[in-house]
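Asks: Here's a structure for you.
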Amino acid sequence: MNQKQDNHGNNNHRDDNIDINSSIMFNNKNNVWVDDVMVSRCYNCKKKFSMLRRKHHCRNCGNIFCYNCANKFIVIPNFINDRPEPADYWNISYYITSLKDEAERVCDNCYYKVKEKTANSEKIANILKNPGSIVDISKLSVSYSDIKDHYYNHLRNIQYYLPNHVYSQIDKKIILANAKYFSKHSKYLVHLIKAIDWNTIKITDDKFDSPSVSIYKNRSQHKQKFLDHICEIIENPKKVSCQDLLCTRTCQEQLSFDDCINILYSKVQELPDSLLQYLFAIIELTPDDIIKNHAVLFVNIIKNNSNIFLEKLLYELLTKSEDMIYYIYWLLVISKEKADYQDITNIQRFIELLDKQLVVKMDREYRFYAGLIKHLNDPKDYLENIFDICDEISLPYNPSIKLTGVYTDQIRIKNSYTRPVIIAFETNVGRIDILFKKESVMNDLIVMNLISLCDVIIKENIGLELGIVVYPIMPLTNNFGMIEIIKNAETIHSIINQKKTVFQHIIDKNENKVISDIMKTYMYSLVSYTLHSYFIGLGDRHLENIMITDNGEIFHIDFGFILGTDAFPLTLTSDIKLNSGMLDVIGGRGSDRYKIYLDLCAKGVIILRKYFNMFFILLSQNSNYKINHIENFIMSRFQPRQHDTVVISELMTIIEKSHDAYTGIIRDFLHYHNQEKTLQNGMTKVLKEAYDVVKSFTNST
């Protein structure tokens, strides 16, 4: 998590004397090429693409144009450093680029901009060698308009850097030149704190207009004086307006919880104790459920931490309730599996701070689940008499619920690849069915945390209950986990097997309720279903991992494939599973409810895309995905530098293409026959018959 990487996810060994020319920025809105499947019209002339009007990527801005609007070629200099990368290898244009000579295809707008940037590159480089503040730059004459625009764009774009960004020397110079104006501008304060190498203070102190700093020859005095000045900037009143400082719409006067988490993500091990205390004072004000949704991050911090003061802050934050202590303890125990000696020492030191009697109890209960895992292939014998000889067992994700017995005659083994087991337990609150999976559920846990946070964010911003369905998930080891099964819910596959439509099923389950209320519940949940699909990139969507509650709430299960990955990548399906059966419930395409559904999806996009840092941080806690994969997905899906209308348009295109897409039908076919082994058996039969034919032909000759 703390490994420094550049914005392509690679280890960064940037030379401090980097050539200024290599930092000329173009103010591109895209970080990766726009995905082909998200666009149906030319970015410029808006004409619809067809078999005759084909798509062409501009190699400079990454947008998609028709031939007429992107038919210019120019050499794009290497010093333009914010060119978007191909989103993935499915873009045909990715391969065509390598067939071109030095001149590359660009749109009309980029053609003239590249020429202008090339002509002014030397002037820009001279300014960036020792950049002044935004106030100084604004005083330059009209003849410097391109240079001013470049400076403004660079400063503005700093606010969109991902949490893993490694700051160039030019980034640092521009940040420090403007530091005195950052008071009460939260997003700039985040990057001011993150741009400083707190271990060495390798920065130009005079940028702070504080000459007295240089007289402190003693390193600790120097560092303290420097820290005091940063604290002054944080606490000082606002000096310039958001408009004058080119702030984003998410700028606030005080750092938020998300801002603090962003700073901790990459700087937690080197921040001075006073800054840590300041950040944790803000984090302490956050509701427990949000803290719990970030528990995986805090556990990773504990695992890598050797700072006793930070350990104290973490202990105070994470031990406010027995529920939180249980949750953190279990995640810590699991994290030992992939830890070195120092990490295990750090984890154990934190556990020793907990109440000793409670630790003994949690350890005993952990051993119960560890024993169950060993016997999952045939759990009946293990569970038959276990509750006669041991005390009640707490659920790790909710210790107030105690397992008191088990329905051994109702244990079911599911017919899927890893053969997960469903066990029905007696508890102090009634029967609970738990699915034990023989694979990692860390993806599921992180996705469920994000879904829960999305619910909170939507409520806070528009006061709307979208009927998001969440359910407890708990890793037991790195290769096993437990998921509590939602009561009174069925998969769409099960509903269709009953010869019912989704609409009929919901009506049958709600005979005594007002139909319009039921339809509204379903519509709201369909909005959340759509937004989760889009912003998390849920893959492997088929009718057996989409469920509907008896109340009419539709929701996802099984998050083994996220970030646009899929079990059947060759189907090239869209990121959202929608069919006519799902849409008929709200009246189908063209209905009033369908229009409201689209409008709510658009509002959700505007709200959730502001939280791209939160998504990046939580998704990066799962080691199954490389950082550059997560980064490319976040930048292509959230597009933080783009206008809302562009991202909304792309989502609407996906929704439109999702209606009964043939690839979705193929996916359901492949999933069903893979589960039933009919496809495998059929192929075996075909191969056997082919072999018999060849054999008989050989014998006859």
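A Cβ is built for glycine as well, from the same backbone N, Cα and C atoms used for every other residue.
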Asks: Among the residue ranges 15-23, 78-86, 537-545, I'd like the one that Swiss-Prot describes as region 'Catalytic loop'.
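Replies: In Swiss-Prot, the region 'Catalytic loop' feature sits at 537-545.
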Asks: Swiss-Prot lists region 'G-loop' for one of the ranges 266-272, 413-419, 427-433, 658-664; which is that range?
Replies: 413-419
Asks: In Swiss-Prot, which of 340-363, 508-531, 556-579 is tagged region 'Activation loop'?
Replies: 556-579
Asks: Using a 10 Å cut-off on Cβ-Cβ distances across all protein chains shown, tell me which of the binding-site residues (Cys45, Cys66) has the largest neighbour count.
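Replies: Going through Cys45, Cys66 one by one, the largest Cβ count within 10 Å is at Cys66.
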Asks: Six or more residues beyond either end and a Cβ under 8 Å away: which residues meet both conditions relative to the region 'G-loop' (413-419)?
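Replies: Tertiary neighbours of the region 'G-loop' (413-419) are 377, 435, 437-439, 675.
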Asks: Identify, in sequence order, the residues in the chain of Cys107 (Zn(2+) 2 binding site) that are 6 or more apart from it along the sequence and have a CB within less than 8 Å of its CB; answer 'none' if there are none.
Replies: Tyr43, Asn44, Cys58, Asn60, Cys61, Asn63, Phe65, Cys69, Ala70, Lys72
Asks: Count up the helix, strand and coil residues in the region 'G-loop' (413-419) according to DSSP, in that order.
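Replies: Residue counts in helix, strand and coil order: 0 helix, 1 strand, 6 coil.
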Asks: When secondary structure is assigned with DSSP, how many helix, strand and coil residues does the region 'Catalytic loop' (537-545) contain?
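Replies: Split into helix, strand and coil, the region 'Catalytic loop' (537-545) gives 0 helix, 0 strand, 9 coil.
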Asks: Which chain neighbours of the Zn(2+) 2 site, leaving out Cys58, Cys61, Cys107, Cys110, have a Cβ atom within 8 Å of the mean position of the site's Cβ atoms?
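Replies: Surrounding the site, in chain order, are Arg59, Asn60, Gly62, Asn63, Phe65, Ala70, Val106, Asp108, Asn109, Tyr111.
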